Amino acid sequence: MEAAPNICKRLVQVTLAAIVEPRACERRARTLAAECWVIWVLVDLPCQPINYPIQLVVRKHRQRKPLIVLSIPRSRPVVKGLRGVPGSTVAASCGEYRSCAEGHVDEVLYELRRERASRWLVPLFFVSGATGLTYQTVWSRELHLIFGTSTLAIATVLAAFMAGLGVGGAWMGRRVDTIARPLRWYGVMEILIGLYAWVFPVLLHAMMPIYIEAGRAGWSTPPLQFLLVGAALLLPTACMGATLPLLARYATERLELAGDRVGLLYATNTWGAVFGTWLCGFVVLPAWGLAATTTLAAVSNVLLGMAALVLDSSSPALTVADAEVEDLQSAPHGRSALLVAAALTGFTGLVYEVAWFRLLGLVLGASTYAFSIMLLAFLVGIALGGRWGGRWGDRILDQQGRPALLWTLAAILLMVGVSSVWMMHLFTELPYWYVWWFDWLGAEQAPVLVWILSMTLAGVVMMPPAILLGLAFPLTVRACIGHAGEMGSVVGKVYAFNTAGGVLGAALAGFVLLPLLYVEGTIALAAALNLVAAALAVWSVPTAHRVVSHLPVMAMCGVVGLTVVCWPQWDPMIMTAGMYKYVTDFEDHSREGITSYAKGQYELLYYREGLSSVVTVARNVDSGNVWLANNGKVDASSTVDMPTQVMVSLLPMQFVASPEDVLVIGLASGVTAGAVTLIDDVQHLEVVELEPATVPAARYFDDYNHSLLDDPRTDLVLEDGRNHVLRAAPGSYDVVISEPSNPWLTGVSNLFTREFFEIGKSRLKDKGVWAQWVQMYGMDDADLRSLLGTFADVYPHVVLYAAAEDADLVLIGSEHPLEPSVDSAASLHRWPRVLKELEVVDMQDPLSIVSTWIGDRAHLLELAGSIQRNTDDNMRIEYRAPLHLHEDTQPKNVSMLYRNARVPWESLGADPYSAAHLASAYWDRQDNGRAVEAMTAAIRVLPEDDIDAAAYRTQLSAWLSEVE
């Protein structure tokens, strides 16, 4: 039998852990240890020395009810196949070993204090994960305000963030096993992160002029962005990356628990990220804004760090000598190959994430809520897999050995690729499922139900591969650990390699792979790399164990072959039908009805998966209307949208004597920018477009945009609109026309804030004007009033026009007075080609243009009142507008705008016929109040017996009766 002191040492350890209160002093611990009765059952007792595990039933002195039943882990391999006497029980008093126990109490108390502190690691690391995701969200937003939301800028920020994590993991991994107090270091890391978060906005403010001036001096944008973003994010992200090796070192000194503890920490941190995603995306950011959210996270980090320091003060220092070391001290066979496999897994994980987000964006939309939901589903899968992987790793290694663990890892990496391909079959069904479940839930008036629907769909297609990705990390860590003394360093290495792969995946997925290979090819490439990673795991198996049964190998080959043969195919017209936006626009929601709505009467002319969106051009074979859509949402057309596309560019021209330098934000069909080329005074036209795939699409509208791209005055700039305006020199433009997509879209919303309008105003020449397109649909009156008030707060002189069918608005602002009148509208006729364009959209009559005038700055400020303005900090429109996407808000907005709107009498003079004509135009636009006012004025001026006056009175009576 094993020596009594060693048995006693283990029994005292488990007895104290079960009985002693967390705050018990050493004296009380010694007393309780002496009073305990311990009964243990030797399982499968052979005639040889004791086999472990030993099951322990712990009772307090003179108490029959057990306090706890535990198992002592084995200290030597279990001898299999021995026939002992099962159920044999040996009872002994702890008093018999009192002399032996006294010598081990200090060592036991060391374990007890360390174990007590370890209980707090889970809540601490959970909060750390939540704050880490919060910082990633907030800092990315703040950086995008400077560097833009182009795919390159987004990839730069994400890659820099992840690179910092990898650097921190690698740096700490090389040192952590020599650190005696990892918990203290962890506390310092958290405090540094929190303090840095407070100064981060100041750093960005100081960085902005450097970026602007360097850009104007001709520095290449991508390297400059990565240099500045990397400098801003390196310190805090490195601190974040260092936390996992530190806690893994502290929590795990017993090799048999290495996988479980690492998996627990990894999953806990990821669950914290899940909570942070929900809290940021749905609660804190919409309610408090960026600054307050940053403050909350920073305070949480500082408190987190202080709590870790307090725990460290009551826990013992660790030493390398205390670690339980296995007989095999060298690195396990194939560790280098496993590290490469970890890098490939990180690479494919980010590639899948980008590709899945692109596909889901076609079905769920591109609002900030949709992206938060996609991220939630992905992280939940990672968290589940991480916890399960840690437990399985220890169990497989303990029961079947390292070769079985490596074969399991290889199978999981193989299934990551296979499941990702098979999930593509489900993607083809998502547009149908979205419509059916939208109907079933009745989600039209309840955004929460839309979120539930979106989360369900995202989870169905993303969580199975994500769970497998989560399983891979702790299994790889467990397979790489040779002995307990290198626990932290191995965790740091695997984390660093995994993150390095993620950095490369983030950089290449959106910028290279998707535009070249499209989603299908990108996922196929990632799946192939998963097969390579699985092969590396197999190669890591020792040669003697590499020969396996033919059946599993044939099964794996069969799965891969079936996957290739059954490669999914989808119809671009179905996938880009924009059901997230148009689900309420048709009634037949059967499968045939959905298919008919999406493609029944359309001919697909152009399809391309670009850097930031999927661009399609199609023609209605019945009407001949050609339309362009981004991610399924129609942004331009050759018929219905023509008046808006033309007038948003021509309306501001009536207030500029000679518009020589013009900037248009947003290309789309090119009709808006093309109308500018009809003005002979224009010498230089800059057109800024975010998505390069839109440029070939605009060619399908050459008959309507006057071959804009062939005009020598046109300078096409493929860049984020806000970033371009920010880096432009002050006083650069006579006219700026901003016609981006809808303000509820992530990234586009940055072009509707007070700060952007301020930047734009400074880029105008002395008498320059800014024209801003604003929608009236899919946005409630409060949000519309907020936008109008935001614009009116920036410009001292503002006029507001309504575009075609009152679906869109055109805001025009300037530093000098704007006086809309019949004469100013008629001034557009001085350019012959402009007059011809006005005839195309039936706006050649100056009175028709005057009739679209709604009000001036005073009217807008009256409408807006004290409502919250839209700013970079509160992001009001980005978070509120998607809540009303399926509501019919246009009639209410029209009514609100025309309430108390006045007739511009100064532009009419005393001409009663002009007043009557204007009244008819008002009535056609459902502006009934001003229609009655203008017609009444015309009747009042004309003689009583005038024939026209009689006709006007008849018309007025008909209007009044209709209103009543």
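Cβ coordinates are placed from backbone N, Cα and C, and glycine is handled just like the others.
Automatic, uncurated: that is what TrEMBL annotation is.
As recorded in TrEMBL, the features of this protein are as follows:
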- 120-139: transmembrane segment (TRANSMEM)
- 145-171: transmembrane segment (TRANSMEM)
- 183-204: transmembrane segment (TRANSMEM)
- 224-251: transmembrane segment (TRANSMEM)
- 290-311: transmembrane segment (TRANSMEM)
- 337-357: transmembrane segment (TRANSMEM)
- 363-384: transmembrane segment (TRANSMEM)
- 405-428: transmembrane segment (TRANSMEM)
- 448-473: transmembrane segment (TRANSMEM)
- 494-517: transmembrane segment (TRANSMEM)
- 523-541: transmembrane segment (TRANSMEM)
- 553-570: transmembrane segment (TRANSMEM)
- 583-823: domain 'PABS' (DOMAIN)
Same-chain residues at least 6 beyond the ends of the transmembrane segment (494-517) with a Cβ under 8 Å from one of its Cβ atoms are 151-152, 154-156, 158-159, 162-163, 165-167, 169-170, 173, 241, 244-245, 338-340, 342-351, 353-355, 358, 473, 476-477, 480, 524-525, 609-612, 692-693
If you count CB pairs under 8 A between the transmembrane segment (448-473) and each of 120-139, 224-251, 337-357, 405-428, 523-541, the winner is 405-428
Contact yes or no, the transmembrane segment (405-428) and the transmembrane segment (363-384), 3+ Cβ pairs under 8 Å, gap 6+: no
Residues outside the transmembrane segment (224-251) whose C-beta sits under 8 Å from one of its C-beta atoms, at least 6 past its ends, are 114, 117-118, 121, 125, 128, 132, 135, 139, 143, 147, 152-153, 156-157, 159-173, 176-177, 179, 182-183, 185-186, 189-190, 192-193, 196-197, 200, 203-204, 207, 210-211, 214-215, 261-262, 264-266, 269, 318, 487-489, 491-492, 495-496, 499
Quick tally over 120-139, 145-171, 337-357 of CB pairs under 8 Å to the transmembrane segment (363-384) gives the top stretch as 337-357
Counting only residues at least 6 beyond its ends, the same-chain positions whose CB falls under 8 A of a CB in the transmembrane segment (290-311) are 117, 120, 124, 127-128, 130-131, 134-135, 138, 141-142, 183-184, 186-195, 197-198, 200-201, 280, 284, 872-873, 875
Sequence-distant residues near the transmembrane segment (337-357) by C-beta distance (under 8 Å, 6 or more away from its ends) are 162, 371, 374, 378, 409, 413, 416-417, 420, 461-462, 465, 469, 472-473, 476, 479-480, 493-494, 497-502, 504-506, 508-510, 513-514, 519, 522-523, 525-527, 529-530, 532-534, 536-537, 539-540
